[in-house]
Amino acid sequence: MHANWKTWAHVTKLDPDKRLPRGAVEEIATSGTDALMLSGTLNVTRENLQELLDLVSAYGLPLVVEPASPDCAIFDGGIDHLFVPSVLNTNDVRWIVGKHYAWLRQASGIDWEMVVPEAYIVLNPNSAVGRVTGADCSLSTGDVAAFAQVADRYFRFPIVYIEYSGTYGDPAIVQAASEAVENATLYYGGGIRSAEQAAEMGRYADTIVVGNAVYEEGIDVLRATVRAVQ
């Protein structure tokens, strides 16, 4: 039985390319967060992904891998789900379906019960994910709402993910996406570094994702963001 990701209010994102201080993994795992997502854009390899997975797998939290490339699409090591992103607001087809096609051409034994497609709307042009995918981040509130509705109602993505990646986003845009989505679960990630920001985005998103704060602000801030949405 795989973990029920639809019930999560708070997810902590850990980057395989970043180092955590000694003892930090246990503190993160006992912070109250609902799940751990192993994800990064740059310098993520199967080796450093596996190293991080080995560190976190002993704590019993639901584990998600969000692969940056087909090589990192793994199903073993105790993970519960593979969240596979498609970036909707790019003209580079590789990030919409190309890498997914390449993955399926080379893969075998895919456990489709573990695979959860994500419709990403990337909104920080200065972020690694924005640069790498060539995302058009100059979207209006109406543009984002339309993308969210296309993802939800037309393509039937189970997750719509508003990604500001490293910077705190516009709550009005997240609200518009929330109002446009009827069936999908709305994720928000980007720049949450306080309980107030977590609560603000948590009013509109079903699930907030906290990542950089773990490395830059510390465990007390992470715990505060958990309390704000649970």
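Cβ coordinates come from backbone N, Cα and C, glycine included.
Of all the Cβ atoms in the protein chains shown, 28 others lie within 10 Å of the Cβ of I162 (sn-glycerol 1-phosphate binding site). According to Swiss-Prot, the feature sn-glycerol 1-phosphate binding site maps to K13, Y161, I162, E163, Y164, S165, G166, G191, G211, N212.
The number of other CB atoms found within 10 A of the CB of T41 (Mg(2+) binding site), across every protein chain shown, is 17. For D15, T41, the entry in Swiss-Prot reads Mg(2+) binding site, with the evidence type sequence analysis.
Put simply, T41 (Mg(2+) binding site) is 12 Å from K13 (sn-glycerol 1-phosphate binding site) when counted between their Cα atoms. Over all protein chains present, the Cβ of G211 (sn-glycerol 1-phosphate binding site) has 23 other Cβ atoms lying within 10 Å.
A coil conformation is recorded for G166 (sn-glycerol 1-phosphate binding site) in the three-state DSSP classification, outside any helix or strand.
Each residue contributes its Cα atom, and for D15 (Mg(2+) binding site) and G166 (sn-glycerol 1-phosphate binding site) these two points are 13 Å apart. Looking at the residues that bind sn-glycerol 1-phosphate per the record, K13, Y161, I162, E163, Y164, S165, G166, G191, G211, N212, the two CA atoms farthest apart are separated by 17 Å.
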